[in-house]
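According to TrEMBL, the feature active site, nucleophile maps to D5. Residues annotated as Mg(2+) binding site in TrEMBL: D5, D7, D205. Positions annotated as active site, proton donor by TrEMBL: D7.
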Amino acid sequence: IYIWDMDETLILLKSLLNGKFAEPFNGTKDIQNGIKIGRRWERHILQVCDEFFFYEQVENLNEPYLDAWSEYDDGMDLSNYDFNNDGLDDANRRKLAYRHRSIGNKYAQGLRKLLDDERIQVWQDLYDVTDAYTDGWLSAARRFLEEQNVNVLVTSGTLIPSLVKCLLFKLDGLIVYSSWDVGKLQCFLWIKKRFPGVQFCVIGDGMEECQAAENLGWPFVKIDLQPHRFPGLSTSTVRHYMNCIY
């Protein structure tokens with residue numbers, strides 16, 4: 001099982017917005033162009049969150065994974081359910097469960113079921129521009145994931161925007177855990193319980209996931225702008241790290 005830190009490993013956004021991605025290129029990449037690309041992504045993420053994923057309603061009710069409210073879901077048909085006028089409050093777990101079920105269904109269907117053709121084209125164009133600016137980072141990351149059997153994402157961000165980021169950055173359908181409230185070690189323990197009896201490898205750019213992997217005796221591959229980065233990270237490199245542990 002490959003456990004990925006999502007942000008600045010598979011998905012680039014912060015390093016575009018603050019110019020960090022362009023710095024190692026010693027002036028050969030336009031920092032301001034990267035910032036503009038990052039801001040365009042921010043707008044897209046917020047629009048999709050608010051329009052389709054109830055973000056304004058659940059923004060302050062972050063959960064670590066989509067099924068967190070499933071035990072309160074009575075399975076009612078939601079096809080004509082009025083989410084805007086059902087009187088949601090923080091204490092009504094059943095109504096929160098409805099929203100998370102709806103979010104999960106939309107996440108599974110993908111953006112092409114939600115956006116019209118014009119918005120799909122705008123999104124595709126932005127993805128292509130970003131991939132070109134980052135020398136194929138996004139497409140290389142996608143190809144690497146496609147070569148692996150099981151990939152699980154852990155993000156330090158909140159759950160709903162992270163799911164939307166997955167859709168927009170073409171990482172559809174992957175299991176996502178949010179460590180926002182619980183920390184990455186707890187997320188790793190949940191994943192270990194979910195997939196018993198297998199080997200794990202953690203791939204990320206931060207100290208928290210490194211320490212969590214170390215606590216569990218799992219190999220950790222660090223992604224940064226130099227030397228291990230997308231494109232450039234290979235399955236053989238990751239296997240080397242795993243062989244050192246297992």
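The backbone N, Cα and C atoms fix where each Cβ goes, glycine too.
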Counting across all protein chains, other CB atoms within 10 angstroms of the CB of D205 (Mg(2+) binding site) number 18
Comparing local Cβ density (other Cβ atoms within 10 Å) for the recorded positions D5, D7 points to D5
Same-chain shell around Mg(2+) excluding D5, D7, D205, C-beta within 8 angstroms of the CB centroid, reads W4, M6, E8, T9, L10, T155, S156, G204, G206, E209, I223
Spacing of the two Cα atoms, the residue listed as 'active site, nucleophile' and D205 (Mg(2+) binding site), in whole angstrom, works out to 7
